[in-house]
Amino acid sequence: MIGQSALFLIVVSIVVLCLLVVAFYSLRRARRSTEGSWESILQRLVLVDRNGIEDIALDIIDTAGKRRTDDDSFMMEAKEIWTLVGGWKGLNALEANCLVLIDLAFYLQQLYPEAFAVTQQLRLSAREIEWQISRLKIAEKTGKLDGTITMYGQHAIATYYLMTRRLLDLYAQLHSPMLPQLQKVL
Amino acid sequence: MQVTDLGRWLWAAGFIGHILLFTVLIVRSRAQQFPIFTTFVLSNLVRTVVLFFILKFGSRHTYYYTFWSLGALDTLLQFGIVYEMYAKTFRPLGVWASDVRRAFLSLIFGSLIIAFGLTMAAAPHTKLPIQSTILRADFFSSVWMGELFVGMISISVKAGLPWQAHVGRIAKSLGLYCLLDTLIGAMATHFGLDQSTAPYLVLQQIRQFLYLGCLSYWIVMLWKEAPDPRRMSDELRLRLIRLQARVEADLHWIRARHPS
């Protein structure tokens, strides 16, 4: 039978081991983000229908990113949005791509630390997308997906579209030589 | 009071190590960048000198009283270093990163609960109540600091917040030291001080060796230069500020439509 003291040692050892594992995986991820080539980060982008994304987004926002208030806005039906984005596969791809977009911004941030504020805003946008997609998943479980596609799905897609535009703006503002390559995929 | 040869050697090595580290911090201008860390190093130097003279000319009682008082100051400064590393990581432009505040608060309270829980679970066998308190306090500070450093690494990586090179070096090594010190502290409570002080003294020597390893790492790494970030022209900075404003406006519109 293990004494209380020995049990205490075991528990502490487990806690320390867990903390070391967390630190190890975090540092490994950090190394992947910072030491991987820019091309390797770009390769993680899942291809999505850019034209479809743009059509969905520009139905509710203008090219400057402001919400549209004209009579021709907010015209898309849920079915059309769902088809254009590629359903769950497409939405999951957008969600995954958000992390890549942040890594692409972070790559520049290491050269220009002052770009931190833009990267931070992109991270907040990614959180919004994550939240909106989670609402869609909940709606699907309750059988109310159709009613929420325009509310959350189109919103998430518009947010993603804005993220891509702002990332391209960031690379353009900093005169990054990688901009042409980025424009091809975004 | 008798000090073993190994004890003297460790003491001397630590003193020399701190002198070298302090020199590096001054010569390489790291002191302005890390004032709390520099104060910690300086306090260790002063502590060694003070304790040496008290050991030679003072009483046993004075020595123990000074040792533990300065030890408490040392612990406070270590927490100060934790704050300094957090500030350098999570407020790179002078403002705390807004998107990590919740994670931040969860980390602080969660880690405090775990550290407190483990400390309460410790039951060191000691002759005097004060010895039990000291062992527990020592253990608590190691656990909590270890958790805070690991948490800092995890949150900053998840959030994509870069470390300045030297911040990473100090944080990683001090974090590892705190985690290993946690194990040493746990063993110290296991062996206690009621039957013999020998196990406790051996554990303290192991701790000192680990700390010497840390010192050596800091001396080498803080001497090295960190890669310089590129300097931004004023025009570029202005364009970036405008871009940041546009991105913020996007987020404001998104939030206004769907408050989370």
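Just so you know, glycine gets a Cβ as well, placed from its N, Cα and C.
The annotation transmembrane segment is assigned in TrEMBL to B:6-27 (among others). Residues of the same chain lying 6 or more positions beyond the ends of the transmembrane segment (B:6-27) and with a Cβ under 8 Å from any Cβ of it are 34, 37-38, 41-42, 44-45, 48-49, 52, 205, 208-209, 211-212, 215-216, 218-219, 222-223.
Counting same-chain residues at least six beyond the ends of the transmembrane segment (B:34-57), those with a Cβ under 8 angstroms from any Cβ of the stretch are 1, 3, 11, 14-15, 18-19, 21-22, 25, 63, 66-67, 70, 73-74, 77-78, 80-81, 83-84, 166, 170. What TrEMBL records for B:34-57 (among others) is transmembrane segment.
According to TrEMBL, the transmembrane segment annotation covers B:63-83 (among others).
According to TrEMBL, the transmembrane segment annotation covers B:104-123 (among others).
The annotation transmembrane segment is assigned in TrEMBL to B:143-161 (among others).
Here TrEMBL flags B:173-193 (among others) as transmembrane segment.
The feature transmembrane segment is assigned by TrEMBL to B:205-223 (among others).
Counting C-beta pairs under 8 angstroms (sequence separation of 6 or more), the transmembrane segment (B:63-83) fails to reach the transmembrane segment (B:205-223), with fewer than 3 such pairs.
Through the fold, the transmembrane segment (B:143-161) approaches residues 78-79, 82, 85-86, 89-90, 92, 97, 99-100, 103-104, 107-108, 111-112, 114-115, 118-119, 171-172, 174-175, 178-179, 181-182, 185 of its own chain, all at least 6 residues removed from its boundaries and within a Cβ separation under 8 Å.
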